[in-house]
Each structure stands twice: as structure tokens, then as C-alpha cells.
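**Student:** First the structure, then my questions, so here it is.
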Amino acid sequence: MITHSVRHPVLLRATTPSLRHITALRSCRQPRRLLPSSARTMSYNTSIPAFQSLLSSLGPNSRILALCGAGLSASSGLPTFRGAGGLWRNHDPTSLATPEAFAADPALVWLFYAWRRHMALKAEPNDGHKALAKLAEVKGASGFMCLTQNVDGLSQRAGHPAAQLKPLHGNILTLKCSSPSCNYIEHQNTDDPLCPALAAAAQDYPPDQPIPLLDAATPLPEIKRADLPHCPACKASSASSSSLLRPGVVWFGESLDSDMLMGVENWIYRGPIEVMLVIGTAAAVYPAAGYVRKAKRRGAVVAVVNPDPAAAEGLGPEDFWFGGDAAEVLPALFEGLVGRIGE
Ligand SMILES: NC(=O)c1ccc[n+]([C@@H]2O[C@H](COP(=O)([O-])OP(=O)(O)OC[C@H]3O[C@@H](n4cnc5c(N)ncnc54)[C@H](O)[C@@H]3O)[C@@H](O)[C@H]2O)c1
Ligand SMILES: [Zn+2]
């Protein structure tokens, strides 16, 4: 299937030292906050029963917004960017997720993405993805919208209704042409390995054995540019050369899909938002993280699900922090609305 992607520029930014050292310096001096808060002392609710009764007290026209991040898929076995296992062969993953990195060393960036594709294809949606998918069904399109920064496709595989899921940063199983003048795009490519040159990224090892690809001391396979995946559309139109294909994800410095963002804004400004769920995200990537403040301004109680206490900074007494695994916490939070997951 061939479609267009991005039109107007909405830049993806990260508050990482490697990308914007001025921002990183600021975030070092004053800890990053999800929300602006005048409260000096941290006071927020951590009671699951209290949150359950909040949900059960909401009227039929109430609206819930969710922002999900890599932590939602952590217990499905997919590493996050920040936290344990965050480095990839001594590379900060956010430094590989850039158009500049791809231009400089497409084989390295492709190996990184080929390995993440392999992991995503092997992974199964967890009870957190399933609970959100059920909540979407129960609340309907006007009552629940889920924004995900994840590119692993696990929410889709958990049966999350597509109209209520905005994959802000694309999908790792999408391939697109790296040439700005070509709009070739291919969805749901599940080939693994994607091509023979990337076979090292699709190799499984027994759990007690180290994975050579992840060991920075083991040299990477030598991959010629010609052996990386190339665009079939460019090839058809030019006898001499064709551009490389690249993963269909949004890299740092690139634009998010403007139609998708428009849809999100339209949904947000349709009325008040009662609850804003912030699930498994460090909330350090914009514009995604900015939706939390927007929901707060529309009256939302914010509920953060993240084992890292830093994720609760800025929450007020009306808000919630649940410091556990999203795969366990979400089914408990929504049980009154969606029943028991897995039964
Ligand atoms: N699965 C994926 O698709 C995937 C994986 C890694 C990174 N990314 C990309 O990384 C970028 C970084 O943003 P991010 O905030 O999503 O990820 P992140 O790596 O910056 O942060 C992950 C957050 O999840 C929390 N976390 C870890 N385990 C958890 C668990 N079991 N339950 C709940 N929370 C848990 C961590 O404390 C951390 O705050 C995004 O652009 C995203 O596209 C996606
Ligand atoms: Zn092309």
C-alpha cells in the first residue's frame, strides 16, 4: 500500500545531552517535571481503590486520554531507551534514531532497527496492552484516545481499535524510501531477517549465551550499502541507482504526521478531559510529552504508571502515581470498567 506521510513540520525533540545540551543543562539544574506545580512537597495519591472509585464515578460522557511509552512494552521483553539495558553496543539509542546517523552509517542504523524489529516480532502483547485495548472498546471513540510513542505494534496486536490509537512515532514494521522526493511506503513488512545482510540481527541464542550483536567488543558484520534494502519504486524509475529503504519511524529532528496531530488536537479540544493516563514514559520527548499539560488544562486528573519515582514529579494532591509494572497495574486500575483481563 502506498500512502503519503508528513506535511507540516512538528519537530520531535529529546531532552538528552547529545541532542540539545542547553536543554539538558536546564533539566540537570531543575528536575524535569511532567506538570508545572507550585507544590514544594510531593503529595499525590497512590491508592488503586481510590483510582478505581474515581473511574467508576465518571459519567457516560467522560473522556480519558492516555500517553504511552516504552515502559508499557518492557514486560513484553522490549528494552526502553532510558534505564537498564538502555545502551545498544555502547551507543545511546537516541543518537542512532536520527537522519544524520542513517546518512553517516546506514548499516549500523539498520542493524539497530533490524534487531528491534526482530525483538518486536518475537514479543507478545502483555496485559497492559490488553487492558488499554479493552478500555478503548468499553469507552468508545468519544470517550478514550490512546497516544503511543511505541513503534513495536504491540497495542495493535492486542486488538486496540485503530481509530482510538495514535502511533505518534510510526511503526517499526513500516518501510519507507529515504529519498525525500519518493513517497514509497510499505506497511506491515514482517520479513525477518529483512534481507540476508541483516541476518545477524535476527539470530536467536539460548538465554544463558551472550548475543554477539549486542556485545560492543564483537566486531559488527561488514555490510555493503548495496546489500541493504533498496526502494523498489526508485529502482523502477531510475536505471542507475535507487535510494535506501529506511524504517517507517519518526527520528529526532523529523516531523510527526500532521494529519495525525490534527486528529489528536481535535479530540483534545472537543471537551473537558477527566483523566490523563501517563504510562511507561519518561515524558522527555516532545511534542508527545506536551499532551499531559494540555489535558491538565482541560481539567484532567493525571495518573502516572511508572516504577521510577522521578516520573511523579510535578503531580498534585488530586493526581495519582502507581510505581509498578504497567502490565500489572493497568489491569488492576481498569478492572471495574473492563473486568478481569485474561478471563
Ligand atoms: N517499544 C517501543 O516501541 C520503544 C522502545 C524503546 C524506545 N522507544 C522510543 O523511545 C522514545 C523514548 O520515549 P519513552 O518515554 O517511550 O521511553 P523511555 O525509554 O525514555 O522511558 C521509558 C520509561 O518507562 C518506565 N518503565 C520501565 N519499565 C516499566 C514498566 N514495566 N512499567 C511502566 N513503566 C516502566 C521507565 O521508568 C521510563 O520512565 C520514544 O520516541 C519511543 O518511540 C520505543
Ligand atoms: Zn524511492
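Glycine is no exception: its Cβ is also placed from the backbone N, Cα and C atoms.
According to TrEMBL, the protein has these features:
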type: DOMAIN; residues: 41-343; note: domain 'Deacetylase sirtuin-type'
type: ACT_SITE; residues: His169; note: active site, proton acceptor
type: BINDING; residues: Cys177, Cys182, Cys231, Cys234; note: Zn(2+) binding site
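Relative to the rest of the structure, where do these features sit?
**Tutor:** Residues near Cys231 (Zn(2+) binding site) in space but far in sequence (CB under 8 A, at least 6 apart, same chain), listed by position: Cys177, Ser178, Ser179, Cys182, Tyr184, Ser242, Ser243, Leu244, Leu245.
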**Student:** Measuring Cα to Cα, tell me the gap between His169 (active site, proton acceptor) and Cys234 (Zn(2+) binding site) in whole angstrom.
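**Tutor:** Just about 25 Å between their Cα atoms.
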**Student:** Just the recorded positions from His169, Cys182, Cys231, Cys234 whose C-beta lies under 6 Å from any atom of ligand 1, please, or none if there are none.
**Tutor:** His169
**Student:** Sequence gap of 6 or more, C-beta under 8 Å: which same-chain residues meet both conditions with respect to Cys234 (Zn(2+) binding site)?
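**Tutor:** When sequence neighbours closer than 6 are ignored, Cys234 (Zn(2+) binding site) has Cys177, Ser179, Cys182, Tyr184, Ser241, Ser242, Ser243 within Cβ distance under 8 Å.
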**Student:** For the domain 'Deacetylase sirtuin-type' (41-343), would you mind checking the mean pLDDT of the predicted model?
**Tutor:** 94
**Student:** With the Zn(2+) site defined by Cys177, Cys182, Cys231, Cys234, which remaining residues of that chain have Cβ atoms positioned within 8 Å of the Cβ centroid?
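**Tutor:** What remains near the Cβ centre is Ser178, Ser179, Tyr184, His230, Pro232, Ala233, Lys235, Ser242, Ser243, Leu245.
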**Student:** Based on DSSP, name the secondary structure state of Cys234 (Zn(2+) binding site): helix, strand or coil.
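**Tutor:** Reduced to three states, the DSSP call for Cys234 (Zn(2+) binding site) is helix.
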